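Below you'll find the structure, written out as structure tokens, and then a few comments.
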Amino acid sequence: MPSDSSPPRPPATPQDSPIFGPEHIARILRLTIGAVSFGLLIWLLGDVMMVIFASVLCAVVLYGLSNILRRHLGLSHGWALSIVVLALLSSAGLLVWNSGPSIVSEAIRLQEALRQQEAALRDNLQGSPTGQMILSYLPASLGGHHTGGDSSLASLGSRIAGSMTGILGSAFGAIGTLVVILIAGLYFAMSPATYANGLLRLVPEERRPIIRQLLLRAGQTLWAWVAGQSLDMLVVGTLSGIGLWFIGVPLALALGVLAGMCNFIPYIGAIMGAVPALLLALSLGTRETIMVAVLYSVIQFFEGNVLAPVIQRHAVQMPPALTVLSQTLFGAILGFPGLIFASPLTAVLLAILDSLTKPLAETDRI
């Protein structure tokens, strides 16, 4: 029988492989163009997108609370949402009526106290060689002696407190943005299906079922994140206020509220909320400063190792490193609003990724 003397076939080159075919290249180009376009959209319209996302977050809160009333009281969506809005407005009105003046006065006192503490701290640094060396490296805008920037001595305390004067100067813009967020969030919550269905009409028909599931999953994830984070903020703010009052730090109420609000931003917010309390404790003495540092450390240890795991078991579980990296990324791209909303944005992206991918098999796990 004659042997097959035909020459062996040459190995397939990458160009002959189906993975490098025209359809695959076209798909890669479409994905690349889509990713670049999405990145440019975020870069150019980042502020607008943050307002839209904040409105959606507000709508999720209103819809979630009204849904609880619907399940337990059997009310229609309109009546349940009306009760939720009236209850929130009444609570906010009572809070402003009863505690608003005291909170404002404490905030003003906090600003003045931080300014005085900054001056005392600068005087102490000027009295020692090490302190003078530290001041020589600080720019003048932070109370130092470095002449590379502005030569005027600005208040370090007021800057650490969040530049309250600048915030008040742009109060009308902030209030206007807040009003837009609340009104848009209310309209979203009144008829979420209208806006979701309008968005689905922009999607090709064969992709609508998966996009619909992703929208539902994103809404559930946002509600779980808001519920868990609200409980976390309430506990941290209450413990901080009580602990500071027990130590004897002035303005314990304002500092407790600030600590709770800053805890909306995981990890980084804890540092932001602790700095004003530590600065005020310096005016009381070293012992009180150490006690405040220990207090915030214990609260954050309790929050990170006891409270957060319990909340995440019933809400949204996010790896700590991913949370910090997402805050860095969104903060660099979108500024301070990106830092504020980095965690809920990441939670939604993780939920979408989990829906689009298959779980790893046991043999594939590391």
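Positions of Cβ are set from backbone N, Cα and C atoms, glycine also.
Noted in TrEMBL for the protein shown:
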TRANSMEM  40-65  transmembrane segment
TRANSMEM  77-97  transmembrane segment
TRANSMEM  167-189  transmembrane segment
TRANSMEM  234-257  transmembrane segment
TRANSMEM  264-284  transmembrane segment
TRANSMEM  290-308  transmembrane segment
TRANSMEM  329-353  transmembrane segment
With the transmembrane segment (329-353) as the reference, find which of 234-257, 264-284, 290-308 contributes the most Cβ pairs under 8 Å.
264-284
Surrounding residues of the transmembrane segment (290-308) on its own chain - C-beta under 8 Å, 6+ positions past either end:
232, 235-236, 239-240, 243-244, 247, 249, 259, 263, 270, 273-274, 277-278, 281
